[in-house]
Amino acid sequence: MGNGRKPQRNNKRKAADAGDDVSSPSKEDECKVIVMNFGAWKTKKDLEIVLSEHNHVYKAIQKLNKSSFGFIVYESKEERDTALDVLSKIDWMNSEKLEVKPALAKRSLKPMRVDPSDDSSTAAKTVMDAVTPWRNVPYAEQLERKDDAMKKVLVRIVRQTRKEYMDKQKRVSEERKRLRKLQGVATLDEVVGGPSEVIVPSWLDSTGSLYLLTPSGLYAQSLQSEDAPWVFQAKADGFNGLISFASDLIATNTDGLLYTFDTDARTWSQYSAAPAVTSVTAMASFRGHLVCATSDGQILKRVVDGQRADATWVPLASLDVAATAITVHQSFFYATLADGTWKRAPLTADATEALVFDTCPFSHANVTGMTSHDAKLIVVLQEFPSARTEIVFLNDDGITRAKKEILLENSAQTGAVVGFASHKGLCCSMKPITPSPALEGYRNKCEFSCGYDADRKPIVGFRFGTYKDGLVSVGGPDDCVNVPASMKAMVKTFQEFLNQSELPVYDVTTHEGVWRLLTIRASVHTKEVMVCVQANPSSLDQTTWEAAKSNVVAAMTSKHAIASFFVQEYTGVSAPEEDHPVVHVYGKTQIEEELLGLRFRISANAFFQVNTPGAEALYSLVREYAAADDKTQVYDVCCGTGTIGLCLAADAGKIVGIELCKAATDDAAANATINGISNATFVNAKAEDVMKEVLRKPREGNDLRLERAVAVVDPPRAGLHIKVLRALRAFRPVTRIVYVSCNPTGSLVENAATLCGPETSNLKGAAFKPVAAAPVDMFPHTEHCEMIIVFERQSN
């Protein structure tokens, strides 16, 4: 059951990816320390340098690329245990200490093979775990998880793109240093020729803004300029406490709730419950936790178990006096108290379980707000009764570095500051996730494997486990909530056929047997059904094989209204290519489906979104973001059967679709005819082979009226080929790209960094920038989510 197109069917996600592999600890496992805060963008070399500075002895460092954690390996458990205390005192990122613990076997970097004689690790794995791992998670919580994950994607796009610019800056700097030495000049400014300095786009700026919460409202000051004004954002009646948490700006309210502030719409929306026991005086973000100080001196940590609304608050510390401001800065958790004193707690490895505060020698009193930004400690001081309010920048020793009076827009009175935070937000606005209109039985296509169950009985259903671990059992789909009842009935009929057939099912371990795969497509609106049976007839003579085909067709069509039936012969070991031939044996050669008032013809090998009502929601958003008019030419890249492009045809001047699969482009052309659409053409080729030629084709006749070009891309999970990305960058008339991703946490981030990154010798053309994003849940009860992101070209 794939969740999107794939370059090759053997690239689809294995079922066992839904769970962790469990293995017996090796000797090396017992000698490992896990570094919890290693950092996704840090490398082994970075840690090696730090450890060498402390003369620390170890055996090896292990780290997977872009993993947030890593391991330090020692020669023995005794060395490991001794090292834990030493490591926890070493400064790491942002001057935080290394967060280390003894490593558990299950956190090993590379999952080990399961002992075939030990079935304990497979006992908890079922078909439902593989197909719908979130089936027991309330749907509202599923949406929250996916929404949060998509915000993290936008953060990763910024980080990865900024890294591209930093890497180029480094290359330019090295080249200019080389030229300075070659030319014999004293400074880089005297260098003649060579590469120019790299300008980082403003949307990648990491400074963000300061936010101030007062009785007169919420105000913001951009940190790009020291003289930037404090600009009114919104009314903030009843709000107090303010913090930047993940990608959200959050405040508490006297109604006992937490609210998020949309910096684009400038509106407040409910987020979660605040502590119910007492009022909140200040807030902080600490190692992924939301933390608040209360009027009775408590420091509480928010723990989410399920939905945000179900969060509980647990104590981290208790102070004698209520805190007026709290923040995390340079390896300490700081708190300023109502009596004017300061406290701080070291950020030890177990600080998220308990904070141990001690006296801090800072002397600033009347602190009503505090935040840490770009390694600087910033506080808000208010002098009473003068009501003078100042922003003060402190050194790490508490000495004032700089200060400036806060003057609000339109001479508004500051009043008592009740919240203060620095906030960077997302690189572009993101709509709340669009839920799937259908939650159960939503799949219009399923691939059911033929094989053996745990008792070695022939069965058709879904495979769970991994080949490498020898877990190749198949389980029935009866309990899979995303499979329609009509498909389950057809699977039952096919199971009856297998039970009576003299021909065996295919065994993936011996590569022997006949029946391999049952694929069912079912139209939601027209109710037409297409069936394709994949088999390996290599062991059969022609007469036996022809009889077998007739028997399976008769068995299925006698009990179900099947409009189209195909058989695919395949003798290979791995899965076939997407366009591997199929043989039509019964009924029509295509079925039809309706989307947004249009009819679409679907062939056996053609791609079509597996969630029909979800696709209508997805394509409606694409249409909105494309914003095409009669002077717009839309390039529909990886167009499949033309669904997206044809849904835009009524708005656009011309549609040009590009698709690798011949059956899909044939369907796309037929779909245009069926719907009376005359302004769409389709090219059957690899996008990377023809994109440059298609984009640069001279306009003629009516096409001369086209003044604007928009590209809509809906690539497979692997993303767009680098040649396609280069062509889009180089073709200046394409000013907007609407990217529909079925793999936002993977290929989308990489493609975005290429579209938005700096020009290089191999990547010409002005860069794009993200301007809008919208996640759509196409796959309820799984972790997968579709993401639309809109890129607009920047001017040089």
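Note: Cβ is positioned from N, Cα and C throughout, glycine not excepted.
Remember, predicted model here, so these are calculated numbers, not experimental data.
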Same S-adenosyl-L-methionine site per TrEMBL - residue from Gln609, Gln633 joining Glu659, Asp714: Gln609
For S-adenosyl-L-methionine: widest Cα to Cα gap among Gln609, Glu659, Asp714 in Å: 15
Surrounding CB atoms that lie within 10 Å of the CB of Cys742 (active site, nucleophile), all protein chains: 24
Length of the line joining the Cα atoms of Cys742 (active site, nucleophile) and Asp714 (S-adenosyl-L-methionine binding site), in Å: 8
For Glu659 (S-adenosyl-L-methionine binding site), the number of other Cβ atoms found within 10 Å of its own Cβ: 28
